[in-house]
Every structure is written in C-alpha cells, then in structure tokens.
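Copied from Swiss-Prot, the annotated features are:
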ACT_SITE  ARG160  active site
ACT_SITE  SER237  active site, proton donor
ACT_SITE  GLU333  active site
DOMAIN    16-187  domain 'FAD-binding PCMH-type'
Amino acid sequence: MNPSTNVDLTPFNTLALPGRAARYQKVTAPEALTAPELVKEKRFILGGGSNLVLTGDFDGLLLHMAIPGKRLVKEDAEAWFIEAGAGENWHDFVQWTLTRGWPGLENLSLIPGTVGAAPIQNIGAYGLEVADCLHSVTGWDFEKKALLTIDRDDCRFAYRDSLFKQQGWHLNGRIAITSVIFRLAKAWQPNMRYADIAQELATRKIAAPSAQDIATAVIAVRQRKLPDPAVTPNAGSFFHNPVVEAIQAEALADAYPTLPRYPQPDGRVKLAAGWLIEQAGWKGKALGPVGMYEKQALVLVNRGGATGQDVQRTMAAVQAAVREKFAVELTPEPIFL
C-alpha cells in the first residue's frame, strides 16, 4: 500500500467542506486491507461522503472504499440473494437490481452514498430500511486480522442505527465493510405507505404499480423535494426524527394539532423533525453560508464556502430553536470527523 499524502477531501464529501487527510488510500480490493502496517494506523473508513461533516484536517489514514462488483449469489424458491461490493454506488445498484427483475429496494432509490455505508446508518426512506432486505455484511476486522461475515440478526439494526455505530467502528476504523448480501423476497408487494408516493402514482394514473413504477415515483418526489449535492452541497436529512414518550407526544399534539406523529412498537412516538424545524422558523433560513433548504427544512445546505464550524453553528442554532419551542432534542445524523 502506497498512500497519497496531504490530500484535499473537499471532493470526497457531499457538503463540499474543506479538510485534508494526512494520508489517503483508495481501496479497490479486500486484499489491500490485510497489509500489516494498517493495524497500527489511525484510520477512518470513507464511503460516498454523503453522511459526513468534516470539521478540519484528519491526521491519520483515510481508507476510501471503492470495491466494485455485483452478482446474484444464489436463488431459492422464496428469494434472490445479491452481493454488492462496498464501493458500488447505492442508487446505481438499486436500479441494477430492478432491471434484472429483482424488486425490493425500489423505495430506497436515489439515496446518495455507497453500498458499504448503507448498513452502518441503516438507511431508509418511504417506509423501507436497508435492514428489511439485508442478509449479511462482510468486512475486514483490523483487530482480529480476519474477514468476518455478520448476519442480519447480529447487526442490531434500529432506526438509523446498527452494531457498526453502536460499537463506534464507524469512527475508529476497526471494521471496513467490503461487501453486502441482500435478500430480495420473490413474494413482492408494492410499498406505498407514504402519501407522497401514493399521490405521485395517482398523478401518473398508475393503479397497480410495478417495482420500477415505485422507483420512478420515489425518484420524482426526491428530485422535487431534495437538492442535488452536485449543485447545492448537502448531506441529505441532517437530523434524526426524534422519538419521544407518548405522554409528551400527546401534549404536543394538543398544542399543535397538525404535528405529524408515528406510533412506534415500543409505545413511544416518532415526530417529524422537518416539521419541527419548519415550525421553529428555520425552513429556508441561514446563518452565514449554512442554512436549511427552502423546499425541505430537514436538509442542511452549504450555500458556498462553508466550513465544518459553520455547519456546527447552524446545527446548534436549529437545535436551540426546536428545543425552546417544543422541548424536543434533535440529534444529527451525519458523522463528524
């Protein structure tokens, strides 16, 4: 391994924040991770950089996962099992499965990032999470010096959470995900639980949608609501939808009857962070070069020339506004480096 030095990381994060890595290595094969000298390095594992806030320079080795490949591993009477390399673009992979007649991931169309990063955050949208379709994750464990396969049930998936985050492996670089296997059930049913998707399909006069129809609807809705990172730098949804106790949700609903709320299996209630931010006066508002997007208050955008410190200032201001108005704490989704 022969890493580059003092590498500009601006092109490698979708918020286009400045920062440099002391050492940078693009990884295109799992074997590259077995180099003995990597064990003692301070490491950070980078995917698509779409869930990352750079707060300055990184004084270690940044491993940029770019392992390619996608294939049908096996098929049985109930499902297809498809493997993809960690470096595969997530949206491109989803569309590839659909063109081959393997439905199941269509609601996750157009989410930025890579396949390898998807399980870490347990990405989700429009009524579907990666955990719903994931079979197993394979990754290199730098401590054990071994390639591990972690089954879905051992990944401890939760809302925007997983074993990889709970153990801090996404921060300390202990495990580098190299590939993911998905289980796509043959007994497919369209997932139209979200009103935006159902409305888009109705507008297109599609009563019995295919998986590709769902994907097309999701893409259309996302393109209308969310900024393209290539044009307006952003990291997608910036805050988790907060989950509160039922008694607090009821009190808030009494005061704000239009508050969107979603009962959870454990009896608590999930609230819509975007709605809270908008009602707190932050939709389309900025603090210096960083603000909340005018079409979707949940998305934080870099309006030009922002730094990680600018992002942190705006984040804190939004959190304070929501806390003051609703007594609800917002937690950021991205990783801070």
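Even glycines carry a Cβ here, placed using N, Cα and C.
Sequence features annotated in Swiss-Prot and their locations in the structure.
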residue: ARG160; record: active site; Cβ within 10 Å: 18
residue: SER237; record: active site, proton donor; Cβ within 10 Å: 23
residue: GLU333; record: active site; Cβ within 10 Å: 20
Segment confidence, the domain 'FAD-binding PCMH-type' (16-187), expressed as mean pLDDT: 94
Per DSSP, three-state class assigned to the residue listed as 'active site, proton donor': strand
Rounded Cα-Cα span from GLU333 (active site) to SER237 (active site, proton donor), Å: 7
ARG160 (active site) and GLU333 (active site), distance between Cα atoms, whole Å: 8
